[in-house]
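Q: Would you mind keeping the following structure in view while I ask a few things?
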Amino acid sequence: MAKSHLPPWLLLLLLPTLCGPGTAVWATSPLACAQGPEFWCQSLEQALQCKALGHCLQEVWGHVGADDLCQECQDIVNILTKMTKEAIFQDTIRKFLEHECDVLPLKLLVPQCHHVLDVYFPLTITYFQSQINAKAICQHLGLCQPGSPEPPLDPLPDKLVLPTLLGALPAKPGPHTQDLSAQRFPIPLPLCWLCRTLLKRIQAMIPKGVLAMAVAQVCHVVPLVVGGICQCLAERYTVILLEVLLGHVLPQLVCGLVLRCSSVDSIGQVPPTLEALPGEWLPQDPECRLCMSVTTQARNISEQTRPQAVYHACLSSQLDKQECEQFVELHTPQLLSLLSRGWDARAICQALGACVATLSPLQCIQSPHF
């Protein structure tokens, strides 16, 4: 099989997905999936949500044998797994995280940040590598037929859990942990905050638009017809997938496993402003920009408090209050409905007509280029 030229960053982004179906971030109602292939194959997201990717690739987007799809999927996962073992992959991430430790605003946190990296970074990488199961991943995507149940993930090794935290954690962990040593620091040391902050910095620095083209290179390993469809889908959806995986799954998985942090991210956090979005996500159209800002803030809040969060978003100094309130009054019901299905901000704003939509998978299939 041809060698992949994907950048090593890609594996970091896919690790949460590769660690098993328990980390799935999308949620589509059973009633929606019950509509059948007409609903499943409208988009890559819906095919994944309804676990019908294999059906759509075989019957709607192209014609290829089930065994071929299963084998190609496992080959791709194995390529990505090998990439995590490359020194350049680990060194690049390690150097970036060390720099982030150095520039922490509170200098008292710098030594402890470096200590956490020295001790737990190699252990975490090794643990994730050992948990990747190509067949289970491809079964979860619907590209391999279900067989015998796969063995569950190994429990987190004791050496991966901060031992000094175990005795101090409450019965129900909160979103913040306490000081490792009250004698060394005059204020509580928020390790969970530190963990999430470092991961968000990684998210912000990754050029998602550039990666979209790089991800499509992996499509050369699949059959010709499906390969063309794969390339179109990869270029269209990579940014969406990266935003979801990095923004939601990775912080919860890594920080939850290593630091036993709560998975409830909304407690004590300020909704991100428009400036927190990666550069390529800042639209020029005012209505699209407004929609992206409101939707992004609402996505990072628990479902119960989203209606209030949508209205509070208009208080942002970056938005025109009157235009924002008009937009919210008009679109809130549909916006909340799409948020509950797990849609990302750009897809929602395209569905609402606020942002210009690019090619859909069905348009890709009809393209004369393949």
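Count begins at 1; order follows the chain as displayed.
Cβ coordinates come from backbone N, Cα and C, glycine included.
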Q: The disulfide recorded in Swiss-Prot for C70 goes to which of C144, C192, C195?
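A: Answer per the record: C144.
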Q: For C138, which disulfide partner does Swiss-Prot record out of C73, C195, C219?
A: C73
Q: Can you tell which of C261, C291, C314 is bonded to C349 by a disulfide, based on Swiss-Prot?
A: C291
Q: Where Swiss-Prot annotates a disulfide for C355, which of C288, C314, C324 is the other cysteine?
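A: Checking Swiss-Prot: disulfide partner of C355 resolves to C288.
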Q: On a C-alpha basis, identify the one among C101, C138, C288, N300, C314 that is nearest to C192 (disulfide bond); the candidates are the recorded positions.
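A: That would be C101, nearest by Cα distance.
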Q: In the domain 'Saposin B-type 3' (284-359), how many residues does DSSP call helix, how many strand, and how many coil?
A: 54 helix, 0 strand, 22 coil
Q: Return the member of C73, C144, C195, C288, N300 nearest to C113 (disulfide bond) in space, with distance defined Cα to Cα and candidates limited to these recorded positions.
A: C195
Q: Let me know how many other Cβ atoms fall within 10 Å of the Cβ of N300 (N-linked glycosylation site).
A: 18
